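Q: For reference, the structure I am asking about is given below.
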Amino acid sequence: MKRSALILSFLPLVFGCDNPKSPGHSCASVYSVSSAAASSFCATFTASTVTATTGVPEALLSNCDYKTKHLSSACSCLGTAAVPTVATPSSVSSVYITSATATPTSFTFKTSTAHIVKVAKAATSSTAVVTTPVSVPTASSSFTGNGGTTCTVTEYAAISSAVASCSNILLSDIYAPPSSTIDLQGLQTGAAVIFAGKTTFGDTADSDFDPIVVSGTSVTITGVEGHVIDGNGAAYWDGQGSNGGSDKPDHFFVVKDMYNSRIENLYIQNWPVHCFEIESTEHLTVSGLTLNNSAGDAANSKSDGDPAAHNSDGFDIKESSYFTLENTWVHNQDDCVAVTSGTDIVVDGMYCYGGHGLSIGSIGGKSDNTVNGVTFSNSQVISSQNGCRIKTNSGETGEVYNIRYENITLSDISDYGIDVQQDYLNGGPTGEPTNGVTIANVTFVDVTGTMSDGKDYYILCGDDSCSNFVFDGVSITGGSGDNCNYPSTGCP
């Protein structure tokens, strides 16, 4: 019974069933997010014989307008397809193999990040689900698996067996115990991993611990509609991030040695410190993600009045080439994107809220200190400290060249609209630039917007270490005290 209920709970996702009333209505969302409760309820609910709403789970009832016809419509979606035959291999606990054919048969998972689904406890202690539209680039698409063996994993202990033996892996409502990494480093070439339900983690007070690690070739990592990956950040947040305080996982989702692959349509919330570390990848595309660390904006008992989350970078990118990050929404408390090394990198269609903007750096003092060919384009930076920033570490060496910011809209920026600093230290800038890191061929095109405070432009270069900066269609207003020691003509 448990097995068939689990398979049934994914039918509206696999077959793309939409709410008959209106797409995006909270009734559809609650059936996706509360899939177990919905499946159990729908198994006995019949609109023709049940017209009262007594006994209906409050989470389903309140989000379906207290109307049995809406409940019935959503239940009909759950039952529109036949449940496939499921074989449970005795050698792999909690892994359900749903196909194992000699000729691979493709399958489709409908995915979307058009809405953020907030789950909160109502006064009655039932789960209330509210779908809140946000200014996030819509990334709704269909993912087609590669056929072969498809496995559904419901227990952490079964992940390693599935990684070794399955072409397509559906991770359903996984709880990773303390000190237990979701290790996806041994994936088969061409494998697909699909997150479903809510993925959660036990407490692990260790800065060297990585909750999720993935690598592979021609791999796809994605999520079905309504899934949530929750990093348990509130257990660690103390206002200090990686700068001090208690030990906490430094990078939540580590992507390394990944080639010709895609990561798409994931919803991640409440990561402890940095979210993604992208390292040593080639021809990797990351698309349509929602990173929501908004809960970390509030102070807690450990943060001394400051936001509880700190150093919560969305994406840290290093030693990677031909990397694309696109159509992604980030609400955090540090760099939205930070490129510290790599070549041929495109960051396009970003919505960055609450953090430190679109950054190159900091550069210097690392194993690789070269950034060549990075384009940030068609993006918004909102209610953040900085808009477009290049930062190099004081007293270190390296090189930054061929950087382009194009069609970037800024709003409510508090510190710097455009910021190039060669005096950077994590504890604070020195005010004295050094010239060990060269910065050349930097272009700002159609970078526009407004400041709430701070400086529209701040450029502090070392002696002869900056060259060939171009400003075209740049207009940032609302700040004061602009200061640019390069170019010789002054600030834009």
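Using N, Cα and C of the backbone, Cβ positions are placed for all residues, glycine too.
Sharing the feature lines straight out of Swiss-Prot:
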- 1-16: signal peptide (SIGNAL)
- 258-280: repeat 'PbH1 2' (REPEAT)
- N292: N-linked glycosylation site (CARBOHYD)
- 320-341: repeat 'PbH1 4' (REPEAT)
- N407: N-linked glycosylation site (CARBOHYD)
- 434-478: repeat 'PbH1 7' (REPEAT)
- N441: N-linked glycosylation site (CARBOHYD)
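Distances, neighbours, how buried they are, the whole picture for these features please.
A: Taking H, G and I as helix, E and B as strand and the rest as coil, DSSP gives the repeat 'PbH1 2' (258-280) the counts 0 helix, 16 strand, 7 coil.
In the shown protein chains, 23 other C-beta atoms lie within 10 A of the C-beta of N292 (N-linked glycosylation site).
The average per-residue pLDDT of the prediction over the repeat 'PbH1 4' (320-341) is 99, rounded to a whole number.
With a 10 A radius on its CB, N407 (N-linked glycosylation site) counts 15 other CB atoms from all the protein chains.
According to its DSSP assignment, N441 (N-linked glycosylation site) is in a strand.
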Q: How many of the residues that make up the repeat 'PbH1 4' (320-341) does DSSP mark as helix, as strand and as coil?
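A: Helix, strand, coil within the repeat 'PbH1 4' (320-341): 0 helix, 15 strand, 7 coil.
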Q: Report, as numbers and ranges, which residues of the same chain sit near the repeat 'PbH1 4' (320-341): CB under 8 Å and 6 or more residues beyond its ends.
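A: Long-range Cβ neighbours of the repeat 'PbH1 4' (320-341): 113, 134-137, 139, 241, 274-275, 278-294, 296-297, 307, 309-314, 347-363, 366, 368-371, 374, 376, 381, 384.
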Q: Rounded to the nearest Å, what's the C-alpha distance separating N292 (N-linked glycosylation site) and N441 (N-linked glycosylation site)? Just drop the number here, would you?
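A: Cα of N292 (N-linked glycosylation site) to Cα of N441 (N-linked glycosylation site) measures 34 Å after rounding.
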Q: For N441 (N-linked glycosylation site), what residues in its own chain, 6 or more apart in sequence, show a Cβ-Cβ distance under 8 Å?
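A: For N441 (N-linked glycosylation site), the qualifying residues are Y401, N402, I403, S467, N468.
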Q: Using DSSP and three states only, what is N407 (N-linked glycosylation site)?
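A: Note: N407 (N-linked glycosylation site) is in a strand by DSSP.
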